[in-house]
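Encoded as structure tokens, the structure appears first; notes follow it.
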């Protein structure tokens, strides 16, 4: 039985980590694409040579032509300019929008049936642009944001309570930026909601608020520490979880930047919400109830994403006609 083909568009730190994880999880063969000659070829060869040690069979190739994407089952897009210290995700908009137009055209031509995961920032605007540029069905194009943000939230909570991360569930909704919405109401430890844990004396509301703020600034914290780059291990692991749910029809409930067309009162926009990912792509949007401060925070986050999308429309008005 032929292995699935996974195309990684962008061969930087995240791309390389993705390629290794695909092999370790035996998800399929890998094509690494990048415009920098030699980089995808070199990384592909390096990772392929780790396979005898790690014990997996997969074929790795590097390419500088979009033709290499031909018939890919999954495309994961990391191409674009990385975030640097002092640079907001929004500052990246103009440069990376052009990249998404080029990548979208390549996917449309060579991998029109693929499930596409976008990681490029500013995420919510870039996945919107990528879907428009590629013309793929919205349910087959998603953004990796909520899985990562929720993982950070879960890690911080597990560390606070000194429990296994496996026993912590948490959802982060909204845009992938400073206005993201970590939902304490729907976050639990062994099924016990965070508000109840506060009442039980396990922690204080002030401490939970600090963890929420740290989650919102999780990416910036790493950028400031690294000084010359941004996070790549956790983002790659998050995208692989999404790809695996699609390839193996696991139907996991994952928070992703998904296309909304009326859900949550939002239309024609990608925003982070819980979705079910299976072999058909986004198979269901989980429209949870939001009220009070949570609803206000979500609406504020949606407004921030809308601002980015509006900026995209001004920069590349031709995207609207696709």
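The backbone N, Cα and C atoms fix where each Cβ goes, glycine too.
Some features that Swiss-Prot has for this protein:
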type	residues	note
BINDING	10, 11, 12, 13, 14, 15, 34, 96, 119, 120, 121	NAD(+) binding site
BINDING	83, 89, 121, 152	substrate binding site
ACT_SITE	176	active site, proton acceptor
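The Cβ of residue 34 (NAD(+) binding site) lies under 8 Å from the Cβ of 9, 10, 11, 12, 15, 40, 62, 64, 79, each of which sits 6+ residues away along the same chain. Cα to Cα, residue 14 (NAD(+) binding site) and residue 176 (active site, proton acceptor) are separated by 17 Å.
Sequence-distant neighbours of residue 152 (substrate binding site) (same chain, six or more apart, CB under 8 Å from its CB) are 214, 215, 218, 234, listed in sequence order.
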